[in-house]
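As structure tokens, the structure follows; a few thoughts come after it.
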């Protein structure tokens, strides 16, 4: 054994050698497991936003706290703030309206209808990466301007709600009549780690619009909300931007009319900022030195603010009245001829060559400039379909106002889920199709009704597997990101869900349950489907020797087909559902990663996911009735056999084919095939974190615990969309 000179010297002087040197000894430093194994399964995604990160505690009730809010006073304070220009960040034309509208838009605009993630619902603009995206330059200033108001009202208003309300008030104070406002967005206290923002390693890396259809990405460049305002990959070509605009707005569920209305309305107030080259701008908030206290993008050009501000690098003002609502965007768009030019920062934009200088300077009343437009603004004139809509808005300002009001409301509320989640005095009465509306309940079963329904289900001849499968098929469409899907509404019986391959088994069970509904007279099919799962789980638990009553909350209703947007519900069809051993495509991630994705959408913890998969397997709930993962000789019994046999070292697993999606478990001594499994099964033995959980449930003293944990997780999934119980 050798000893370095430094170590020898330390010992000779009586100093501990391990307390010397400059290595980073802070928690989390050093080479991580993810560094060694970058493809490691992200089980940690299931541990996000726990009570350990929440300073308000698990008993905090935001809806109750919001009810104490003086809503009128809050809006009054926001209105006053709009014109309270601060010397450290002066307001353009004495108004922060454009800044706050952009803040609200960029908070909501990250939403993607493909997977329901992103959006304004949790105030994520406060955290990385969004707080430091290139498209969000200067929004750190907007949030700091709001801080005195947030400080004043405390927990009665969340940051997430305040961001959107500030945008609404900015529009209203500028003379626009909004469609309404629904509060109810609850803050979280750490970044969302589950959102896939893309694989690019450099900001503003270009993506072709066609690529957006292959992934749940909402922008054509890394770090942008939608599209590059200079055209695809800085092309400067308005017409070529049309496909990108349609792709990105379409990924939010917006049609052409909504897209034109949002662009025109969003560019009616305020301006862009490009006083000088981007080389003057410092690092983003996450990279900023500690003394800047979370503010980024410091500029050494002039004062760095006001007329010297650099944000996007574009220097565009669309309207003659940039602090008052008007139809000038469309009037100027069609009235003038536009020539390509560059901003002082060198960004490509357009100027109205034949226009007089009619645009006011934001800080010097004696100065005027010509109207300017973004490359993507001119797309609304030169793309044939966008042009038709734009001309209609030009000639009918009231139609534009109505379209923008509705599109803005949709933009800012799209990720909130059903209207039952909305709170506050300005919630619109009208039901909108994108809210997945439900009829009002007309019947709530009594305990006697429930007992009778359970008896009818038990006598129906349906197996435990069928009862459990139909309930899971109904409830498991829920997405925690945008709160869509779930069992309420019984949309499992409607198009498109009734025709999904994954629901083939459920489609055979539904007619039996529909007959029970007809016999009952008043109970909803939605309640009966969930109650079928209750009956199945209770029977399976009893067969395992555990007597347990599965909690059931009645009151679900049945949606109509005309309340169901088929195109939007198609997006809820799973690519994979590891709980049912279903996978439709092999070209998207790994099976085990898709299981984590599904569990995260269902807001499950890792232990909850583990208990549910183990239970679903022994209950025979595979979508196709296969024996994959059914590690038991007593299917239909809610036993811990899945875990016991998975961890049994007498079994040896080998891939059954080159795809390594199907595996055979053989007896090590005889070579006999005892079980078959998928990757969604074997991951509970191969992944070290999941194996640790599986070992708990495989233990000899875990029989009753497993049943209780399965039931708790099951009930959670069945009630994920019961916002009427809040």
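Glycine residues also receive a Cβ, built from the backbone N, Cα and C atoms like all the rest.
Listed ranges 1-34, 35-68; the one Swiss-Prot annotates as region 'Disordered' is 1-34. Listed in sequence order, 139, 142, 266, 270 are the same-chain residues six or more apart from residue 102 (site 'Transition state stabilizer') with CB atoms under 8 A from its CB. Annotated pair residue 267 (heme b binding site) and residue 106 (active site, proton acceptor), C-alpha to C-alpha distance, rounded: 13 Å.
Within 10 Å of the C-beta atom of residue 267 (heme b binding site) sit 26 other C-beta atoms, taking all shown protein chains into account. Around residue 106 (active site, proton acceptor), taking its Cβ as the centre, 22 other Cβ atoms fall within 10 Å, counting all chains.
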